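Student: Swiss-Prot lists His172 with the feature active site, proton acceptor, giving sequence analysis as the kind of evidence. Feature annotation from Swiss-Prot assigns NAD(+) binding site to Val11, Asp32, Lys37, Gly76, Val77, Ala115, Thr116, Asn117, Ser140; the stated evidence is sequence analysis. Residues or ranges marked as substrate binding site in Swiss-Prot: Gln79, Arg85, Asn117, Pro118, Val119, Asp120, Asp145, Thr146, Ala147, Arg148, Thr227. Swiss-Prot lists Arg150, His165 with the feature beta-D-fructose 1,6-bisphosphate binding site. Annotation source Swiss-Prot lists phosphotyrosine at Tyr218.
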Amino acid sequence: MKVGIIGAGFVGATAAFAMAMRGSCSEIVIVDADNAKAKAQASDIEHAVPFSFAMTVRDGDFQDLKGAKVIIISAGVNQKPGETRLQLLERNANIFRDIVPKVVAIESNAVIVVATNPVDILTSLTEQLAGLPEGQVMGSGTTLDTARFRALIGNELGVDPQHVHAYVIGEHGDSEVFAWSSANVAGLSIPSFCKARQVRWNEEIQSQIADNVRKAAYHIIEGKGATYYGIGAVLARISEALIRNHRAVLTVSANIPEFGVALSLPRLVSGKGIDGLIGVQTNDEERAALERSASVLREALSAIS
């Protein structure tokens, strides 16, 4: 199966490298306006292939996306230190207005995965521009935030994060919502698990975890200029779910008519794309926060629609 990646920057290249190391697909095509950069990234990753899984990694143009099962769009300008994801919107929206129609004209059967920030609004824009069937466009959403959330909870509780079931929903950004009320380990709520295991837990710890997740990208950008390893792994995981029909539950972003914008909720991701909305149990406070998050996104989307 072929995966096309549009954008040879940090995120696109790291996603390609993650796929090569994981054996996510049989062919990767990297497309970028800077042809020399796309060629260099593809060559560099191709030289790592003998140490992982057999596959083809090459550069190409839009025509080479024909036949791709998954097309990842990671093209765009980088987030500056101190800049919110929403402030990126106008700079990246014009790039998508150019790219998306070209992608659909060449391969309308591919599932489009948006990775460029602000990902929720650009996912909404991509859905509008593409005109593809429901479920065929998604954003990486809060998949990385959810992984960070589970990792920090697991570290605090002394549990493998893979056995922590907790979700970050809403915007991939400052208004994201932590669904604490449904978070659990082995079917036990976090407070119940901590009581049974005699692990210290209080609102201060809970608030610190949420704050660390929300500010993670800002700290990384401040230290090295960009985030890419985490999101690269996320894009590899999403691609595998699509290519191998994993029917994985992931907090990808997609449009919800009820909210009038794309945002993240747990969804079933299969070979056909988004195969249904799973949703998540929330309390009144979390539901209100989710509605506020949707309002933030709608306001930003209205500025470019």
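Each residue, glycine too, has its Cβ placed from N, Cα and C.
Could you give the neighbours, burial and distances for every feature on this list?
Tutor: The secondary structure of His172 (active site, proton acceptor), as reduced to three states from DSSP, is coil rather than helix or strand.
Long-range Cβ neighbours of Val77 (NAD(+) binding site) (same chain, at least 6 residues apart, Cβ-Cβ under 8 Å): Leu88, Arg91, Asn92, Ile95.
DSSP assigns Asn117 (substrate binding site) to coil in the three-state reduction, placing it in neither a helix nor a strand.
For Arg150 (beta-D-fructose 1,6-bisphosphate binding site), applying a Cβ distance below 8 Å and a minimum sequence separation of six or more within one chain yields Pro161, Gln162, Val164, His165, Ala166. Secondary structure at Arg150 (beta-D-fructose 1,6-bisphosphate binding site), as computed by DSSP, is helix.
Other Cβ atoms within 10 Å of the Cβ of Tyr218 (phosphotyrosine) number 16 in total over all chains.
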Student: Give me the count of other Cβ atoms within 10 A of the Cβ belonging to His165 (beta-D-fructose 1,6-bisphosphate binding site).
Tutor: 16
Student: For Lys37, His172, listed as recorded positions, tell me which one has the smallest number of other Cβ atoms within 10 Å.
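Tutor: If we count Cβ atoms within 10 Å for the recorded positions Lys37, His172, the smallest count is at Lys37.
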Student: For Asn117 (substrate binding site), what is the tally of other C-beta atoms lying within 10 angstroms of its C-beta?
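Tutor: A 10 Å sphere around the Cβ of Asn117 (substrate binding site) contains 29 other Cβ atoms.
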Student: Ten-angstrom check, please: count other Cβ atoms within 10 Å of the Cβ of Ser140 (NAD(+) binding site), all chains counted.
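Tutor: So the Cβ neighbour count for Ser140 (NAD(+) binding site) comes to 30.
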Student: Given a 10 Å Cβ-Cβ cut-off, pick out the one of the binding-site residues Val11, Val119 that has the most other Cβ atoms nearby.
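Tutor: Most Cβ neighbours within 10 Å: Val119.
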Student: Taking the Cβ of Ala147 (substrate binding site) as reference, which residues of that chain separated by at least 6 in sequence fall under 8 Å from it?
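Tutor: Expected: Pro161, Gly230, Val234.
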Student: Cα-Cα, whole number of Å: Thr227 (substrate binding site) versus His172 (active site, proton acceptor)?
Tutor: 14
